[in-house]
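J.: When I checked Swiss-Prot for this same protein, it listed these features:
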CARBOHYD  57  N-linked glycosylation site
CARBOHYD  97  N-linked glycosylation site
CARBOHYD  154  N-linked glycosylation site
CARBOHYD  201  N-linked glycosylation site
CARBOHYD  207  N-linked glycosylation site
SITE      407  site 'Transition state stabilizer'
ACT_SITE  408  active site, proton donor
DISULFID  422-442  disulfide bond
CARBOHYD  466  N-linked glycosylation site
């Protein structure tokens, strides 16, 4: 198996359909001050009118039809990629007899939850039908991801219920909903990736009835999730196009819960001054702390805590694999320096572990902060996919950390993440994932791979056009780690809507003049990708010989680049300053 042909790959892209859907939602309405719910109802009416006009091929406009539950649902679903499944699934629910768009959106969430709940035990059932450990492992990954998706969706419904008490759905809450639904899309896709990567070892896996049965069973929830994401994304787009200002509430990391005000005061004052900080648990391998291992400290973290729980890890190398599940909220872990406090593991794909589970350190719970720690996967290039660090933590920050490995070193899987002054070392796709993530002031260092391999720094995995994910590398440095003679590229698009921007970064001579490479050799990526460069410097920044892809812009405008700043991509002004970490919002 050629290690460069990892499990990641393109799916089908229906660009014409996506373009048509976008046109349907770009409507101009003349409105005065009006509640969000009424505004959306008017938008729905306008969309319905447009659909009717187009169907009748009318040359002159006519008054919009009466707003009925049926026309409302049709209009809501018309902005989705799968309108038929949207209409059929929601219309079956008893409470669907409404014209209220927010209610219809909540019903779309109920559809996903019901569907995922009905198949949540399927991975475990299918696992009993095989003795193959690789298949069992992939099914276990899918089971965990389905559970995570269900938990996130229930949190989403709770967030909407809390917001309804305020009689409005703020733009910041809409961003939360988009993020969480984007992560649910990623959960589905990661399950499929875990099943697909089985093909790397044995060709018979490609025709496995067990894996095909699970994929088939998850097809409906995949469409339903995309539908809900499209609904909330298009509503936000309509409001934005109209220029209607929406009150943005100040919020910290607890999102739909009232976050303790103690955190902001504590974080601003102490995050950058850890020398005087009193941790809740101290880890020391020499016995001078409260516990000997990081895992022992993690076990002491309370579930879904609204107050910051602090773990201090003293200098030393801790050989262990750490997993912090979705119930571990608001945890800070810090060490004595990225070269002094090291957490080391060696799990890898070649030896039988799914890529998703190879991480030396994995975090799912929201509000995570890591400082002055090094994470390493020592498996080496010959072991192919071997993740050092994986994060699905929403509103997470990584400061002065290092992530060291070869293929697939750093995995910003989903949600919103910020990396500042960190070091990342690797070979193939060594920063990959589907999070909304910004790297600032980081040192990104490709290293020499195996003799038959190349280096690709990024592999972004946006699967759905409405996902709020993307990768931004801003004001960083890209340079070789040691003597690198292998062909080295800024990245390659992993999925149909992959989104990656390199901006204001010093690019070293290690990067080939073409800059980027296709996932499939000789085949340009789809035009639906969003790739670009902006005001980079250094010997590798010359764009005159760059690839000529339809979805790539070698010279982005100021306005285009602004979409990939901390302020815009992460809405970082709402939460990053509270952590005390240095950042540039623009």
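In case you wondered, yes, glycine gets a Cβ from its N, Cα and C as well.
For each feature listed, report its degree of burial, its nearest neighbours and the pertinent distances within the displayed model.
T.: Within the same chain, residues at least six positions away from residue 97 (N-linked glycosylation site) with a Cβ under 8 Å of its Cβ are 69. In the three-state DSSP reading, residue 97 (N-linked glycosylation site) counts as coil.
DSSP assigns residue 154 (N-linked glycosylation site) to a helix in the three-state reduction. All protein chains considered, the CB of residue 154 (N-linked glycosylation site) has 12 other CB atoms within 10 Å.
Here the Cβ of residue 408 (active site, proton donor) has 29 other Cβ atoms within 10 Å, regardless of which shown protein chain they belong to.
Counting every protein chain shown, 23 other Cβ atoms lie within 10 Å of the Cβ of residue 422 (disulfide bond).
Its own atom aside, the Cβ of residue 466 (N-linked glycosylation site) has 26 Cβ atoms within 10 angstroms in the protein chains shown.
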J.: Can you tell me the CA-to-CA distance separating residue 407 (site 'Transition state stabilizer') and residue 201 (N-linked glycosylation site), as a whole number of Å?
T.: 17
J.: Looking at the recorded positions 201, 408, 422, 442, 466, whose Cα is closest in space to that of residue 154 (N-linked glycosylation site)?
T.: 466
J.: For residue 422 (disulfide bond), just give me the three-state DSSP call.
T.: coil
J.: Below 8 Å Cβ to Cβ and six or more residues apart, same chain only. Which residues does that give for residue 442 (disulfide bond)?
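T.: Correct list: 419, 420, 421, 422, 423, 424, 473, 476, 477.
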J.: Between residue 466 (N-linked glycosylation site) and residue 201 (N-linked glycosylation site), what is the CA-CA distance rounded to a whole number of Å?
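T.: Here the two Cα atoms lie 33 Å apart.
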J.: About how far apart, in whole Å, are the alpha carbons (Cα) of residue 408 (active site, proton donor) and residue 201 (N-linked glycosylation site)?
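T.: Answer for this pair: 18 Å between alpha carbons.
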J.: Please report the number of other Cβ atoms within 10 Å of the Cβ of residue 201 (N-linked glycosylation site).
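T.: So the number of other Cβ atoms within 10 Å of residue 201 (N-linked glycosylation site) is 13.
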J.: DSSP on residue 407 (site 'Transition state stabilizer'), three-state: which is it?
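T.: DSSP assigns residue 407 (site 'Transition state stabilizer') to strand.
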